[in-house]
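**Student:** Take this structure, written in structure tokens, and hold onto it; I'll ask about it next.
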């Protein structure tokens, strides 16, 4: 396999170039009897394409997902689910100008070297269009995990220089702005900043944070398939992500053990205080399997030794700015000559707005996979699965 | 498989608890005819255990690696290589005091819930002892990649508040201090800081950076097995790592496209300047397959669209402080009672010193795996492999 | 993953039920730059559906394969190839009669138990319709292997009691009859026998043999992924196959070593005779990489120690009779009552005719996968792949 | 990975050459809390080496298995189990005579071509010694499956021309003779036949059958990981196996549907007779999950549509004769000259006696793997695994 397959238990296999006939995904390993409708998928597909001229490209695709298999009478059957999305808005001719040019910070150059060919039409597999298949598959993972009591919430933590601190966050604001930013004023500021980038023919990076609640304890496999390692792969595999953090993340490296360590306490004996578990902007740190156990803080981001500890997972993805900018840039062409290029056309000044749901999707795919693996950790679990 | 297997082509399978009879690893998929000696492995094993009382535990293990298979007449045979290291310094009785306690920020609690048992002797598979097997396997990956012209260099970029900037770095200093820090004065400062942590019964985090040179162009697979994604999994799977960066990493999120994009230029037409490729403290950004192509900067950290672009890979791992501290901490026990604990005994105040070689090892394992996969990307490559 | 993915290097992922919207397959890992046209696929799809009233069902599907990705300007790009085939001839209403019945020797009963649901419309994933996706994917594998000089030829060795011996075989006859039988008279006999089965409302089994020529030496991986083991999985995974043989197969168990062993000899020193290598009905046993080495016999079927030895691979698949017969059978229904059933409708009296190309396809998929794996067995091969 | 890893859930990774320091295996994915002792393994290791001069080599190895990890206080911990067996009886010097010769029907030639080296000491990874690691791992699989109520019984069905028919079989006789033959008189006959082979400096093939009882319904995954396909891979991967059958196997190809189909009936309404389920020499065909459902016959060998149907699995492995014989054979050497060879030394005239337990082991490994996969087929199963 060549990298288009993710997951060993809840396995997805994606296909499609931005300018081919269609893109899509097969999900193999999804349990049967999960209620599923097309609407469960489409509500996330819509989130991936804000369609707002201020922050997004004018490329308009219906992104209508067709369910080709694996669903019968409104439930998953347990066999592979194939989801297909036709590419309806090609405009391949737009790409003629860059046909012979290796665009700076794009994948053109290494792709050409790797495969000995050049699909110049919009980046082929390296195009962000490919994330549509991830969102479609992730929607099914989220639907499954919802049945297990697990919920995902991602939002824009920062857009270039404009960031929302933990203390300022108001998760209710997320759905009120196109950037899914948990702060009304900053969201407006950020959208104006994006407008400024458009004027300057420039682009900007940003940070997306995701909280995952309702986790069972013990999800993740020791050593290489730790929950944070697989989340790391999943998130780092998203176009334009250059850094990944869990819990206190980067900040951990400057902390002392006495600051960092998350103290356990029991609910029934609250002598150590209760407000600690409200850190990171969310309320109600608790363990599903043992509701009486709390942590005062969550610097670990819900993961201990690579396994979920029952408290909310908190992760962050750092996105670089969109590489396509209309400013003139120095680069080379396929004839190895120095040339200048200005990349005109529809290009988002930031990927952040559309990537919020992609982060949720990838986190859900990683967790669905490890949750299925974890279901056979103990002999007792295996017996429970087979005995009536 | 349950997480102890890494890689699809250069595949390693590790085993062993810190207090069982032995730990080790099988490498399956290593090409034949690579010259290999025990010394190639032992020189890295030694780096993992500085044995200096100022910064490391007094636990003394010989970490003598026995090669059980896969080697014949000084060369790999192409069949599985098993490396075994006996555990010689158990002192299991030391752990009786914590037998019933869930230590804060340790894996005790989720492991117990996951497996329905408790191996209280030093953390079992979650122990950092497990990384010895990674270093052993990584040594073989590095030996293989050395034959391909690829080299690894990791160092301590920061220890708590003491960090070395790109401008200050002197890679020649790495081997002169126990922390592998690329700066003589800061290294001394950092070692003193660690001494202070010991006195305060506390611990501290840090940052390790790794540079990888000599990469062919095009290593990494599109979409999920991107080079940065697999490096992300590999590095995040190391004990205590809470964040992972490639190239400009975290900083990318605050950059504009016009700042971030790495301009290509040809060597033979140097009108765009030449000093750009000396950024990030290393000299000689160049492409193996096309020596005439350069980049002015390397914000991408050597990876474009998930594929190596031939310039040096640069990655960083952020480590949290060691969770075992001798200060009194609040926690709970297995009877779900609130208790206090002070973790006495041999515990490093920081994992950074010993983790430098682990970062190299994991990076090498990730790259060896993807390099083998990449060897069949093109029909021409497959034909070259079989025709004489 | 749940069994719909095959191969680790040339990986296919299939989807689709016989009565859903579509079936299809993604191929991930196919090298780039292989010339490929839709015709390369369709010529095999046609072989899967003889469309002859004497031996096949009257179900008529166009089986028009749409290439959704992975192809650009007439060559594979190295990225996933998705092939989709719409189901156009459902007639789901035909299945109402068996909706509540567990048909004898069908998969209804274990599928219902396994998934807790019942897709009564034609067997769902257990339907032979699923093999269309295999043939589509196998066509690409065969196209790739053709570039490597490897060729496949399968044929009906036996239909119930009518079999063609090695001595009687004439491979030129294969394309002259609907059963792909290498003997004109026996083919006619067999087709008449099938007609008789129809009259008797009965069905019949058969044997398909496949020869694979042009194999490089050394394809197959020691121990579990031996060439014969992976071919075994590939062939046994075809609907209705109950036994698998390589070379002398079943007969080997009654042979002495002195009879069985295949003597090597060099072409240039033919003192041990030359006619031995004409056994098994094919001429020209020879090694691609070392043309001067021959074997007197090929009892091993071209596989030694799980690796190809360069001589032709010979394998056989034994198919049980079609389970759907119009005779009255005793069985039970979903209410656990004893009932009688006569399965009317379009059902082939034998699967053999249509399965010939399926055997070729599965053998090709197995070999393509192992050939890619084998391309990195030696350091020299890996270097050859990267150096110019 | 290069073929030394088997299974996706209950995953084993084997290592070791016949003449290296040790052989062994890591089991990753074995559930925790399974009672396990060294004796559980050793009792099968003993079965692999009959130590009888009449039928076996005089090579004497203790095959003492050391458990290096994954076991704590008499139970599996859920983490990798490593089993190591030292090679104590090398006698490498014995192999000097064949150092430059490609032995007929041995793996010497393709191994040399594949890896570009020659481990002439007893076949390296192609040696039957490697099966010791399989038996060790298989013992743990059998111990696990025993907890699930699943049992394995293999025996010698035929030794060259001497075979035991279904009607003649008496399973109680298996443990009474060195060939594990279910018939006292035939066993004696067969042992004499082996003696005759020794005298004639020849060898002989044979057939091993295995019955597996207590299977849950629904084990196996549709399409490629069907129970019969994975059993096929598992069994075909055993040295010297040239054919594999399930249920009526080879005979199926000559049967009519009306003969072959296994009629279901309910126990409570036995009007269709009861004695049918006593076929194939075993009594008590029944379904674990639904004890009231029976089949009149078991031509399917307990597998329908690739899934277990609850009735006993019946499979057969056909072994070719041992290739090493003391008669003079024609062959070539590494200088590509025609030479003669007589392979003296300790070589079993048949592999069958020692392979009986290997067949059980491989069948158990295949089933353990698929049983774990099947434990998450339904949403209800996944919920049962996590809820208390």
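Cβ from N, Cα, C; glycine included.
According to TrEMBL, the NADP(+) binding site annotation covers D:48, D:54. Annotated FMN binding site per TrEMBL: D:125, D:126, D:127, D:239, D:240, D:305, D:320, D:321, D:322, D:323, D:324, D:346, in sequence order.
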**Student:** In the structure shown, which of the binding-site residues D:127, D:322, D:324 has the fewest Cβ neighbours within 10 Å?
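**Tutor:** Relative to the other binding-site residues in D:127, D:322, D:324, D:127 has the fewest Cβ atoms within 10 Å.
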**Student:** Taking chain C as the partner, extract the binding-site residues from D:48, D:127, D:322 whose Cβ is under 8 Å from a partner Cβ; order them by sequence and answer 'none' if none remain.
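**Tutor:** Near chain C, the qualifying binding-site residues are D:322.
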**Student:** Cα-Cα separation of residue D:240 (FMN binding site) and residue D:48 (NADP(+) binding site), in Å?
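**Tutor:** Cα-Cα distance, residue D:240 (FMN binding site) to residue D:48 (NADP(+) binding site): 15 Å.
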**Student:** Which ones in the same chain are close to residue D:320 (FMN binding site), with CB under 8 Å and 6+ residues apart in sequence?
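**Tutor:** Set apart from residue D:320 (FMN binding site) by at least 6 residues yet with Cβ under 8 Å, we have D:105, D:205, D:240, D:241, D:242.
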**Student:** Within 10 angstroms of the C-beta of residue D:125 (FMN binding site), what count of other C-beta atoms is obtained when all protein chains are considered?
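**Tutor:** Around residue D:125 (FMN binding site), other Cβ atoms within 10 Å: 31.
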**Student:** Among the binding-site residues D:48, D:125, D:240, D:320, D:322, D:324, say which ones reach under 8 Å of chain B by Cβ distance, listed as they appear in sequence.
**Tutor:** D:125
**Student:** I'd like the Cβ neighbour count for residue D:48 (NADP(+) binding site), meaning other Cβ atoms within 10 Å of its Cβ, all protein chains included.
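**Tutor:** If we count other Cβ atoms within 10 Å of residue D:48 (NADP(+) binding site), we arrive at 21.
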**Student:** Could you say whether, by DSSP, residue D:127 (FMN binding site) belongs to a helix, a strand or a coil region?
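**Tutor:** Reduced to three states, the DSSP call for residue D:127 (FMN binding site) is coil.
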**Student:** Distance between residue D:48 (NADP(+) binding site) and residue D:127 (FMN binding site) at the Cα atoms, whole Å?
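**Tutor:** The separation of the Cα atoms works out to 14 Å.
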**Student:** Within 10 angstroms of the C-beta of residue D:240 (FMN binding site), what count of other C-beta atoms is obtained when all protein chains are considered?
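**Tutor:** By my count, 22.
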